[in-house]
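What TrEMBL lists as transmembrane segment is A:13-37, A:49-81, A:93-116, A:136-154, A:174-192, A:198-216, A:223-242, A:248-270.
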Amino acid sequence: MIDSIFSIFEYDFMFRALVTGVALCACASVIGVSLVLKHYSMMGDGLSHVGFGALCFSVVLNASALYVSIPIVLTCAFLLLNLPGKTKIQKDSIIAVMSTAALASGVMIISVTEGINTDICNYLFGSILSLTDEDMYICLISSVLILLIFFMFFRNFFSVGFDMTFAKVQGVNVKLFNTILALMSALVIVLGMKMMGALLISNIIVVPAICAMMIFKSYKAVVFHSLIASMLCFLIGLVLSFELSTPTGASIVLINMLSLLIHFLLKLLLNR
Amino acid sequence: MNTILNVKNLSVTFDAQKVVQDVSFALKKGEYLALVGPNGAGKSTLLKTIINDNRKFVGSFSFCSDIKLGYVAQKNSDDIYFPATVKEVIKSGFKQNFFSFRLNRQEKEFFQSVVSELNLSSLLKKSFYSLSGGQKRAVLIARALCTGSDLLILDEPASGLDNIASSRLYESIRTVKNRFNTAIIMVGHDINRLCSEADLILCLEHTVKFIGKSTDFIKTPIYKELVEHLV
């Protein structure tokens with residue numbers, strides 16, 4: 001049985017999906033811990049809608065989706081993390097406004113120009129068949145960079161998340177770390193849209209972190225468990241989607257939801 | 001000269017109101033300054049200005065070079081979903097180095113000494129949020145100490161604590177001062193306790209009503225007024 005599982009990765013497109021997905025899930029999970037703890041769980045969803053809008057714009061321009069989406073999503077991520085502090089508008093309101101405006105803009109652009117096509121649908125719901133070697137390498141390099149930065153400044157991310165005022169007094173550049181977090185989140189969203197889909201990408205950011213937080217009380221344990229759970233759920237989802245011929249993005253999300261249920265039951269068991 | 005903090009004619013405006021007016025004082029190394037006054041007098045605003053959390057001020061304040069500050073806020077985050085053990089919280093006070101998962105030997109020794117002085121050894125593996133209010137404050141003081149702080153700034157650390165927990169906290173602060181020779185600025189409402197513990201009293205009601213030794217403060221009408229309102 002294990003041989004047959006390994007054999008599916010002999011297909012080029014499956015190998016690309018495996019490498020891209022594992023890399024993506026690893027960095028999505030660690031970023032997800034920071035976002036969930038800062039009450040920015042909906043940020044992934046909001047940014048993915050912005051990514052969709054940016055994608056529609058790139059289709060009209062006939063430009064590379066990645067190179068158009070990244071700066072737009074990065075800018076919006078930066079605004080999302082900084083606007084609540086500078087204005088009196090709550091962060092969930094800003095996310096709601098930004099995501100709906102971006103989605104509507106994307107739909108409008110497409111409807112008056114190209115019309116909905118396969119590319120747009122793939123980005124909405126994900127398609128592992130559309131992943132290219134270029135996508136895989138970009139994702140791999142970006143993920144290694146994100147993980148390096150996160151673990152290099154591990155205690156700083158903890159400090160800024162736990163007590164921003166104390167971190168500032170300590171001399172930590174809180175603004176810089178918030179900016180880095182925004183940039184990393186945006187990058188994960190844009191890279192993950194092709195495989196997971198804009199409508200589903202936020203699931204792999206948020207759910208592994210929530211699962212880990214149900215069981216573990218230490219920050220280090222939460223981060224590492226989130227990392228492992230995310231990659232495991234991805235692998236199971238990917239293999240199942242191949243065997244059962246189901247959409248990959250949706251399969252991974254449902255496996256994550258199953259994982260959430262298992263963690264919840266485990267938490268109830270441990271609390272007895 | 002062992003002055004570590006010099007505040008000169010500091011005024012802070014908040015929402016078009018002068019909350020702090022023309023405050024001046026100097027703090028020496030190892031000195032314990034208690035900041036007292038009625039609610040809304042500008043005590044927390046003064047502290048937040050000094051730690052650079054409030055930039056709209058006139059006047060000046062300066063620290064001696066290379067000073068390390070430790071700060072314990074008036075209100076801790078009530079977020080029960082942040083996973084952190086007591087050990088992780090205290091460790092986060094140390095200087096952040098790249099890939100710093102473990103403490104070096106010197107940091108470990110200092111960590112052990114702080115933890116044992118504040119009687120936190122049995123709590124290290126517990127979740128921070130499962131602790132009582134007094135225990136949390138002790139942990140945050142330990143964290144502030146681990147910055148190697150020359151000056152500990154405590155904003156109403158005894159707020160919301162019962163008498164026993166409050167008493168334990170004051171003892172911890174005294175221990176910290178004696179053991180580590182850390183200067184302290186503390187905002188509090190337990191006037192009698194502060195007068196017996198602190199070296200200096202600064203009574204603030206938007207402006208400085210009194211600054212000097214605690215032994216002199218208890219002879220003033222302001223002291224009697226503040227104590228009367230407590231009864």
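Using N, Cα and C of the backbone, Cβ positions are placed for all residues, glycine too.
Spatially, the transmembrane segment (A:13-37) is not adjacent to the transmembrane segment (A:93-116); fewer than three Cβ-Cβ distances between them are under 8 Å for residues at least 6 apart in sequence.
The recorded stretches the transmembrane segment (A:248-270) and the transmembrane segment (A:198-216) share 3+ CB pairs below 8 A when only pairs 6 or more apart in sequence are counted, and are therefore in contact. The stretch from A:49-81, A:93-116, A:174-192, A:198-216, A:223-242 that makes the most Cβ contacts under 8 Å with the transmembrane segment (A:136-154) is A:174-192. With a cut-off of 8 Å on Cβ pairs spaced 6 or more residues apart, the transmembrane segment (A:49-81) and the transmembrane segment (A:174-192) reach 3 or more such pairs and are scored as touching. Same-chain residues lying 6+ beyond the ends of the transmembrane segment (A:93-116) with a Cβ under 8 Å from its Cβ atoms: 42-43, 45-50, 52-57, 59-60, 76, 79-80, 83-84. The list of residues near the transmembrane segment (A:223-242) in space but at least 6 beyond its ends in sequence, with Cβ under 8 angstroms from a Cβ of it, reads 5, 8, 14, 17-18, 21-22, 24-26, 28-30, 32-33, 128, 154, 204, 208-209, 211-212, 215-216, 248, 250-256, 259.
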